[in-house]
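Trainee: One structure follows; several queries about it will come next.
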Amino acid sequence: MNRAKRSAGFNTHIWKKVEKYLLSNKGSNGDELCASLLITPLLFFFFFFVSALIAKAREPLESTAMPGLVTPPEAPPLRISLPDGADPQIRPDPDAPDNKIARSPVPRRNPSPSSSRVKPSPKRPMPRVEEAALDNPDLGPFLLKQARDTIASGESPAKALEFAIRASRSLEMCAGDDDGMRLELAMSFHVTAAIYCSLGRFEEAVPVLEKAVGVPDPARGADHALAAFSGHMQLGDTYSMLGRLDQSIGAYTKGLEIQIQALGDADPRVAETCRYLAEAHVQAMQFDAAEELCRKTLEIHREHSAPASVEEAADRRLMALICEAKGDSEAALEHLVLASMAMIANGQEAEVAAIDVSIGNTYLSLGRFDEAVFSYQKALTVFKSTRGDSHPSVASVFVRLADLYLKTGKLRESKSYCENALRIYAKPVPGTTAEEIAGGLMEISAIYEAVNEPEEALKLLQKALKLLEDSPGQWSMVAGIEAQMGVMYYMVGRYAESRSSFGNSVAKLRASGERKSAFFGVLLNQMGLACVQLFKIDEAAELFEEARGILEQECGSYHQDTLGVYSNLAATYDAMGRVEDAIEILEYVLKVREEKLGTANPDVDDEKKRLAELLKEAGRARNRKAKSLENLLVNNTQKVKKEGTKRWAGLSFKS
């Protein structure tokens with residue numbers, strides 16, 4: 001029996017959907033009222049799946065910066081924002097000598113009356129004065145001020161880091177149960193972590209912040225509560241920079257709980273934290289949790305802010321993002337219109353233009369193309385007049401217009417807008433971030449792929465990868481680019497490079513703790529298909545089995561993506577000689593497809609033909625009473641190979 005023909009049944013209809021998961025969210029554009037969703041410019045996700053669902057909301061949301069001390073990536077490397085005396089999150093000791101001349105607490109030695117200096121013995125080196133006096137209670141605050149002054153002056157961050165570490169060590173020795181000293185200790189940890197982050201050493205910042213959040217005791221009053229809150233938010237920011245979204249959300253949630261205990265659940269500052277946490281849930285594709293938090297934010301701002309306030313507009317833009325991600329475009333449009341009216345009332349012309357782009361995206365998803373063009377052109381006119389013809393925001397509108405004309409079949413116009421955007425990205429204006437350029441290149445790459453120019457699409461992805469490969473905290477975005485490159489390599493038949501690219505992406509996502517999303521399941525399926533083409537059948541089977549488990553959990557057993565992985569797994573078992581296992585899976589898949597799609601559907605017909613060939617080879621008829629999925633797949637994963645020989649060696653697998 002020729003299995004090559006049957007292997008054409010490897011279900012690759014879901015690889016087309018991978019584009020929906022691969023577009024990256026653009027970072028902040030630097031406007032005062034437009035901060036990125038989180039300190040991470042990503043981060044991709046929006047994480048990958050979200051970015052595609054809401055690729056229409058290209059402009060970042062307004063958001064009040066949270067008290068974490070991680071410096072945004074676009075900030076100068078030697079400048080770290082640290083709280084000053086007016087910072088409401090951690091109130092400094094009023095007796096701290098911030099505005100006085102700093103004098104070392106180490107007593108000065110009188111000069112020796114001898115005319116010659118005594119050289120220290122080489123066997124007993126002279127200890128450094130600061131190290132010998134770490135138990136001096138005045139030394140820690142002094143060193144902490146030195147670290148802050150070094151940062152403020154723009155001197156070497158390594159020198160500031162040394163001061164901060166020694167300050168932390170001294171304060172740990174001397175803090176005891178003294179409230180003021182414990183707050184100083186927490187601050188020293190925050191400063192140390194901030195410097196680590198400014199140097200791109202995020203992994204080293206994490207244990208410092210984990211110690212910092214354990215220092216203050218919220219039960220001791222507002223100062224301790226706010227110090228604990230600030231520490232948890234900074235820890236969440238750092239986790240986010242590392243792509244650890246679940247841990248990031250956990251830290252933000254703990255910070256919100258502490259803030260609510262200290263301020264009550266209706267304080268406007270609580271609303272800002274709720275929105276911050278909602279944005280993190282959006283990145284993690286947890287839309288229900290994000291929607292609940294965003295509604296709470298809206299309620300607080302309605303109570304405490306004037307009608308049509310800037311804060312309410314920001315909340316509505318986020319709510320529109322969530323509604324669009326959940327497929328409710330009409331509700332998204334309503335929120336965007338209200339947000340636009342609020343921004344008009346506040347005279348925020350640039351923000352109105354950004355919302356017009358989002359409105360155009362929503363019209364596009366609703367198929368109202370003329371209205372979408374009108375919204376895009378309005379935004380384009382404002383961006384050109386206020387920011388210049390070469391600003392990345394202009395390029396982003398060109399990309400949206402290119403996508404629109406692609407959907408309406410006007411390929412020449414679509415390609416023309418892509419070329420206009422590429423010219424802007426080729427010569428970016430000062431202040432343009434690498435994340436903005438890489439995100440734009442990824443979107444244009446998807447358009448080139450859609451018009452059947454995969455080689456050109458691949459070149460753009462390679463440029464995007466080169467822009468970000470050395471950027472700290474961009475693992476998630478780089479992983480997404482590598483995944484999309486894997487798709488492109490697969491399309492052009494370069495299967496070894498496809499498998500390598502998918503493997504790099506999978507490794508990064510595993511390292512960042514991203515192992516549960518539907519995107520990760522789809523990515524494993526794609527890597528499995530590349531392994532099939534390279535006749536690495538055992539590896540393909542392992543990948544399909546892992547993808548199956550994830551998609552069952554995230555999408556359900558009846559979802560088309562999950563069924564596609566079942567079908568691929570059946571074909572793999574067939575190639576390995578596990579014909580009975582393949583038959584059992586195909587019987588289940590065919591039963592579900594007949595129930596969901598009807599017996600006349602082409603997909604159902606293909607599955608019937610594959611199953612008929614397998615049954616004919618096995619010499620039996622179709623079992624109409626298919627096993628339950630749970631029993632079927634548990635048994636399959638526990639079985640060993642029934643045949644020792646590899647019957648797939650000479651087969652040609654096709655997608």
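Placed from the backbone N, Cα and C atoms, the Cβ positions cover glycine too.
Here TrEMBL flags 604-631 as coiled coil. Sequence annotations record features per position, and here TrEMBL assigns compositional bias 'Basic and acidic residues' to 90-101. Per TrEMBL, repeat 'TPR' is recorded for 353-386, 438-471, 563-596. What TrEMBL lists as transmembrane segment is 33-55.
Please situate the listed features within the shown structure.
Mentor: Mapped onto DSSP helix, strand and coil, the repeat 'TPR' (353-386) counts 31 helix, 0 strand, 3 coil.
Counting residues of the repeat 'TPR' (438-471) by DSSP class, helix then strand then coil, yields 28 helix, 0 strand, 6 coil.
Mapped onto DSSP classes, the repeat 'TPR' (563-596) shows 31 helix, 0 strand, 3 coil.
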